[in-house]
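Here's the structure, in structure tokens; my notes come after.
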Amino acid sequence: MRWGLRPRGPGAAALATARSLWGTPRLPCSPGWQGATKRLLVRSVSGASNHQPNSNSGRYRDTVLLPQTSFPMKLLGRQQPDTELEIQQKCGFSELYSWQRERKVKTEFCLHDGPPYANGDPHVGHALNKILKDIANRFHMMNGSKIHFVPGWDCHGLPIEIKVLSELGREAQNLSAMEIRKKARSFAKAAIEKQKSAFIRWGIMADWNNCYYTFDGKYEAKQLRTFYQMYDKGLVYRSYKPVFWSPSSRTALAEAELEYNPEHVSRSIYVKFPLLKPSPKLASLIDGSSPVSILVWTTQPWTIPANEAVCYMPESKYAVVKCSKSGDLYVLAADKVASVASTLETTFETISTLSGVDLENGTCSHPLIPDKASPLLPANHVTMAKGTGLVHTAPAHGMEDYGVASQHNLPMDCLVDEDGVFTDVAGPELQNKAVLEEGTDVVIKMLQTAKNLLKEEKLVHSYPYDWRTKKPVVIRASKQWFINITDIKTAAKELLKKVKFIPGSALNGMVEMMDRRPYWCISRQRVWGVPIPVFHHKTKDEYLINSQTTEHIVKLVEQHGSDIWWTLPPEQLLPKEVLSEVGGPDALEYVPGQDILDIWFDSGTSWSYVLPGPDQRADLYLEGKDQLGGWFQSSLLTSVAARKRAPYKTVIVHGFTLGEKGEKMSKSLGNVIHPDVVVNGGQDQSKEPPYGADVLRWWVADSNVFTEVAIGPSVLNAARDDISKLRNTLRFLLGNVADFNPETDSIPVNDMYVIDQYMLHLLQDLANKITELYKQYDFGKVVRLLRTFYTRELSNFYFSIIKDRLYCEKENDPKRRSCQTALVEILDVIVRSFAPILPHLAEEVFQHIPYIKEPKSVFRTGWISTSSIWKKPGLEEAVESACAMRDSFLGSIPGKNAAEYKVITVIEPGLLFEIIEMLQSEETSSTSQLNELMMASESTLLAQEPREMTADVIELKGKFLINLEGGDIREESSYKVIVMPTTKEKCPRCWKYTAESSDTLCPRCAEVVSGK
């Protein structure tokens, strides 16, 4: 117990006595028995007397001690969200973070908040993420750590800029860079306030007064220092390379800024590249009587004008075939002969085969420019999965193509401009035509005219789209700033071996994504972001960046923000005193660069600004699976590049939210769940009731977050029902300790009833398991373990058998105080166990605990504390063997009141008999612990069967395996349960069948009443 009222349990002597050598634990009333009977035996408490004496009738109503608490069983309608708001105010939710930061504790737990994007209303994905983080933080705080959790927002970038421009419409065309930036900042701030309010309403504990924002000048300055660190190490460079390019956004994009449309339709074509000069081997296989062409397939016809080569796989087999339709000879992969012939609706006769290496030194002519030669070149990226096994290569429009061109010094001319339109270099027929639309049409017609088009067909496949404009992208070479991640990747993968990933499979996913990444383009051609601190010469292809110029810019940004790049004149951005340090070039010869940094670099350097201490390493990063290629990766790469260490120790990856049937949420399907509606209810509250924040939190904790997470009305109703059952359990606990003071009324553990000691034993096991599950971040198992405990072990089992003791014994009777002592400990452990998940409910319960005089906050009183003296595995044998017999008894009287029967238990002499004697020392009793478990009129314990029995008895046989000293001693004992109707009458006070007549009290009640 951690209410701060008393030390727990007896001293060292009692502790030594408690160290019994008993068997392996089993759950209560588990079927650890084997038996045979003429009736069906059911594991249930059906048939048990589970009454609550009626205090509203009869002359004894004032003598019954019924539960007393103001804790409500249910909160209806607006009561739930309104109560939560009252609790947040009363219990100091807003002060909790600063309070715990001021504690003097040795350990610190740092969870680094991946910044959500500041461009919209809060959604259930936010709820899933923030609540998971809060559960982890609240547990670690209660468990003794100081929490470092600074929320942040990703404020720059294309999505915000596009949203602002789209809202402005035609007006946007006339805006200056600074006007766009001003409106983008205002938009981001508004989104941040909406999201922040929602996060606070959900009960998220954080440093809300000191959040980080990527548009803050101090943050931007840190980012620029990291950029220059990497530049100074030679890891950042400017180059002309193909990158993903969004014509709709007019900027380069990173892989993480793409989304793939599986329904994209491309126009795929089979194209002839006439053989110009055969390789020596190929020349020996053809006689020159028929035209020979290299056969190529592509899904991007618009790239054909930029072709510079055709690539083959050196190790593969190729075939020279004759086409039955045209008589022409074609060269293609031997494995593709049949499938390509079928596609072209013809037949191929194989003339000869050769190895890929035998194509070396061959050339073919460009299919649109006959005078231009395209060499045949080896390449490892060629596959046989689709196409012809020969790949058209346009260095300006493909990553692998660029690699081949670099190796063989091929031209890399780009024929496409920033708008995705052919330039004049492509020729008059193509100039000014959009490559993905009319440009493709014209290229195909040109191929037809040149008689080099064999087939065109539509292909539905996955294709990259701009994540914000939802329009297709192209690959286009341009001058950009890149990070050389080849060397960084090697070090990063080595460092990842020391990082714990949950689930473990996420590590492989992240490594695979890094391996597929040839380089990282970090420049963007927009204005809403952090400028790359580079100056370009007005007339020469030169740029200026060094430590002096960068540090000057960094200091300006730190003081005034990155707007200075667009507002200050060149002579202030490049003052003479700075230029004199580097040889004195004239500032007027240079202009500030127009590129800004990729937002993944923006957010990926957050570790440098947010993480505390010299190590600057977070204990935990926790984000959605999309961040394996996003923030997790950009944080790792920048951290490894700048300081050769990973920024995190543990990475948790959760899934995405879906509709409750597993479908994607969309307005058209009408299945979008808004967290504000979940918490506060919708317009029609009969259809969209206010669940409150705790239901949202329970949904998060109860979900298998490592896969996709479903949410919908039935899921939320199930969460509400779970919490309702938990409230009933808590109300029972609170109501039955109303007259109990732990300081004066507690019973020493060794003097408690066996069943009460047994519950403490189970409670300690529960506490240990829950603590370990929280440490493993397995919140779903925490919920399931708790739910099982409060429904099965408490409501269905323990509460049903102790009601008589609680309600009908004398107020200060040790038997009653014994179970109240257990109830206090149960209440303590249960409340602390769910507090990180349901903070509002935990605080509400805390305010209703009668023996806490000035309750403040359960979160300021620590984690679960149990005593080693509670651990009594030996008691399990007594209680569980009795439960096996009880199950047998109750199963024999389905639907009937157990209190109307008496039970004779016959056990052969041995260990089982001695164990059961712990529960009943006398031969027959209506008040023993055994009879309390049986819930019968009376219980008799015998070593041999009675000689005379009436004809209406039920005989049940069974066996119970006793396990002692960890399995060293095992003994199977037989028992018999004899059930017969009682001859006693119903007591008018306790309703047990223990009275001599229906109008007289049973002996126990007579004694209690006479003492009142």
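Placed from the backbone N, Cα and C atoms, the Cβ positions cover glycine too.
Positions annotated as transit peptide by Swiss-Prot, on the basis of sequence analysis: 1-48.
For the recorded site, K74 (N6-succinyllysine), the DSSP three-state label reads coil. Shown in sequence order, S724, R727 are the residues of the chain, 6+ apart in sequence, with a C-beta less than 8 angstroms from the C-beta of K74 (N6-succinyllysine). The N6-succinyllysine annotation in Swiss-Prot covers K74 (among others).
Feature annotation from Swiss-Prot assigns N6-acetyllysine to K74 (among others); the stated evidence is similarity to another entry.
For the motif ''HIGH' region' (116-126), the list of distant contacts is 153-155, 157, 159-160, 163, 187-189, 191-192, 194-195, 198-199, 213, 624, 656-657, 665, 673-676, 678, 711: same-chain residues at least six beyond its ends, Cβ to Cβ under 8 Å. Per Swiss-Prot, the feature motif ''HIGH' region' maps to 116-126.
What Swiss-Prot lists as N6-acetyllysine is K189 (among others), and the listing cites a large-scale study or a structure entry. The DSSP secondary structure for K189 (N6-acetyllysine) is helix.
The annotation N6-succinyllysine is assigned in Swiss-Prot to K194 (among others). Classification of K194 (N6-succinyllysine) by DSSP places it within a helix.
In the structure as shown, the Cβ atom of K233 (N6-acetyllysine) sits within 10 Å of 13 other Cβ atoms. The N6-acetyllysine annotation in Swiss-Prot covers K233 (among others) and is backed by a large-scale study or a structure entry.
What Swiss-Prot lists as N6-succinyllysine is K241 (among others). Summarising the environment of K241 (N6-succinyllysine), the number of other Cβ atoms within 10 Å of its Cβ, over all protein chains shown, is 22.
The annotation N6-acetyllysine is assigned in Swiss-Prot to K241 (among others).
Sequence annotations record features per position, and here Swiss-Prot assigns N6-succinyllysine to K479 (among others) based on similarity to another entry. According to DSSP, K479 (N6-succinyllysine) sits within a strand segment. Counted within 10 Å of its Cβ, the other Cβ atoms near K479 (N6-succinyllysine) come to 12, all protein chains included.
In the three-state DSSP reading, K500 (N6-succinyllysine) counts as strand. Sequence-distant neighbours of K500 (N6-succinyllysine): residues of the same chain at least 6 apart with a C-beta under 8 Å from its C-beta are K649, T650, V651. Here Swiss-Prot flags K500 (among others) as N6-succinyllysine, drawing on similarity to another entry.
What Swiss-Prot lists as motif ''KMSKS' region' is 664-668, and the listing cites a curator's inference. Beyond the ends of the motif ''KMSKS' region' (664-668), by six or more residues, the same chain brings 124, 657-658 to within a C-beta distance below 8 angstroms of the stretch.
K667 (ATP binding site) carries neither a helix nor a strand DSSP state and counts as coil. Here Swiss-Prot flags K664, K667 as ATP binding site, drawing on similarity to another entry.
Non-local contacts of K725 (N6-acetyllysine) by the CB criterion (under 8 A, 6+ apart in sequence, same chain) comprise R787, Y790, T791, S795. Residues or ranges marked as N6-acetyllysine by Swiss-Prot: K725 (among others).
All protein chains considered, the CB of K775 (N6-succinyllysine) has 12 other CB atoms within 10 Å. Mapped onto three states, the DSSP output places K775 (N6-succinyllysine) in helix. Per Swiss-Prot, the feature N6-succinyllysine maps to K775 (among others).
Residues annotated as N6-acetyllysine in Swiss-Prot: K775 (among others).
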Exercise for the section: For the binding-site residues K664, K667, work out the Cβ neighbour count at 10 Å and name the residue with the minimum. Expected result: K667
Practice task
Going by Cα-Cα distance, pick out whichever of the recorded positions K241, K664, K667, K775, K781 is nearest to K194 (N6-succinyllysine).
Solution key: K667
Practice task
Going by DSSP, give the three-state secondary structure for K241 (N6-succinyllysine).
Solution key: strand
Exercise for the section: Specify the nearest of the modified residues K233, K479, K775, K781 to K667 (ATP binding site), where nearness means the distance between Cα atoms. Expected result: K781
Fill in the blank from the handout: Three-class DSSP assignment, K781 (N6-succinyllysine), comes back as helix
Practice task
Going by Cα-Cα distance, pick out whichever of the modified residues K189, K241, K775, K781 is nearest to K479 (N6-succinyllysine).
Solution key: K241
Problem - Cα-to-Cα gap, K233 (N6-acetyllysine) vs K189 (N6-acetyllysine), nearest whole Å - result: 35
Exercise for the section: Provide the three-state secondary structure of K233 (N6-acetyllysine) computed with DSSP. Expected result: coil
Practice task
Return the residues near K781 (N6-succinyllysine), defined as same-chain residues 6+ apart in sequence whose C-beta is under 8 angstroms from its C-beta, sorted by sequence, else 'none'.
Solution key: L773
